[in-house]
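Student: Annotations per Swiss-Prot:
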BINDING   Arg48  NADP(+) binding site
BINDING   Arg125, Gly126, Ser127, Gly286, Lys301, Pro302, Thr303, Pro304, Ser305, Arg328  FMN binding site
Amino acid sequence: MVANTTGEIFKVTTFGLSHGKALGATIDGCPAGLNLSNEDIQNELNKRRPGTSNLTTSRDEKDKVEILSGIFNGMTDGTPITAIIFNKDQRSKNYDNLKNNPRPGHGDFCWREKFGNYDYRGGGRGSGRVTIGHVIGGAVSKKLLQQHNITTTAHVTSIHNIHSTKKFTLNTIKENITKNNVRCADLEVATLMEDEILKLKERGDSTGGKVEIIIDNVPVGLGQPVFDKIDGDFAKALMNIGAVKAVEVGCGIESSTLTGHEMNDEYYIEDNKIQTKTNNAGGIVGGMTNGMPIILKISVKPTPSVSGIQNTVNLEKRENSTIEIEGRHDPCICPRITTVAEAVCNMVLADHMIRAGYIHPDKIN
């Protein structure tokens, strides 16, 4: 059995395949009265669209979205919202050799063994292209969260062995990531990152990196202890992005090296607002938001589609074999994954905002 739906009240179901006819999402549980247009969704899809720079796959998809249902007079009507895009630039013949030869690093083997009848073209349902549905769901939830001035910003902090260590204000991050193709706030380091990606692309290799997500203006108390803690839901949502191999909250793995005095975020009150002097917890304690900015970090693996001959097995003959991967692939998925990370975090937030009573489940007040 596959799991294509996420959320308790604000539910997002994604559909489609890399080389199928179409992809999209159905959002159920969005209250009525939210202004929502094609443009709202298209703007987000454009940020993850392939073929926009020499750092991405050359697959030329425009990803033009069409809203099929759930909108009346320019606003949501409380019924399921379905939005779809149609694939235009598939080259399925490049994947003929994958039918019985799973690619190292991809999910081909597991999909084939579990389901048997598996559309292997372009990775099928396991392709990064299916995150189009994530971004559609994220665009709708982003509009909901804007009613409460909640913003989610993801930016690249490292590519391969190149790291950005400078600290920037949130406004500077938002501004700078639009000025380069890797979506890094450090403009000098961004140039080095681009050069590194292009160097690896030239030799048929790939790389990964790290992305930080900052969520601002979140109210206190989102999260449902003990099994629906909000950090657990963020971690699940982010780990469900295919290339993500680790999630950190706040100072993350560094917390294991600190003392209690170093780790604890001390409280203070200013202008009748309770805050913490530091934010090592990343805005989440006890599985609930504490009103400070939420800080999440993800580690993204290298794109597994690389040039050259690799060892694999022939599943039909049950014998060792080799494979040489063709097709068009990203040398580094980090720049495009920022939009997907923002999307899934917004979906989690929208669901918890409704569950906590901050957003009415039936209509926008």
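Note that the numbers count up from 1, one per residue, in the order the chain is shown.
Glycine is treated like the rest: Cβ placed from N, Cα and C.
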Student: Is it possible to get the count of other C-beta atoms within 10 angstroms of the C-beta of Arg125 (FMN binding site)?
Tutor: 20
Student: Quick one: give me the count of other CB atoms within 10 A of the CB of Lys301 (FMN binding site).
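Tutor: There are 16 such Cβ atoms around Lys301 (FMN binding site).
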Student: Validating a neighbour-count step here. Other CB atoms within 10 A of the CB of Thr303 (FMN binding site): how many?
Tutor: 23
Student: Look up Arg125 (FMN binding site) in the DSSP assignment and reduce it to helix, strand or coil.
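Tutor: Reduced to three states, the DSSP call for Arg125 (FMN binding site) is helix.
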Student: Rounded to the nearest Å, what's the C-alpha distance separating Ser305 (FMN binding site) and the residue listed as 'NADP(+) binding site'? Just drop the number here, would you?
Tutor: 19
Student: To see if you understand the setup: which same-chain residues, six or more apart in sequence, place their Cβ under 8 Å from that of Arg48 (NADP(+) binding site)?
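Tutor: For Arg48 (NADP(+) binding site), the qualifying residues are Thr131, Ile132, Val135, Arg336, Thr339, Val340.
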Student: Could you find out if DSSP has Ser305 (FMN binding site) as helix, strand or coil?
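Tutor: For Ser305 (FMN binding site) - judged by DSSP and reduced to three states - the answer is coil.
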Student: Count the other Cβ atoms sitting within 10 Å of the Cβ of Ser305 (FMN binding site), across every protein chain shown.
Tutor: 20
Student: Taking the Cβ of Ser127 (FMN binding site) as centre, how many other Cβ atoms lie within 10 Å?
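Tutor: Other Cβ atoms found within 10 Å: 21.
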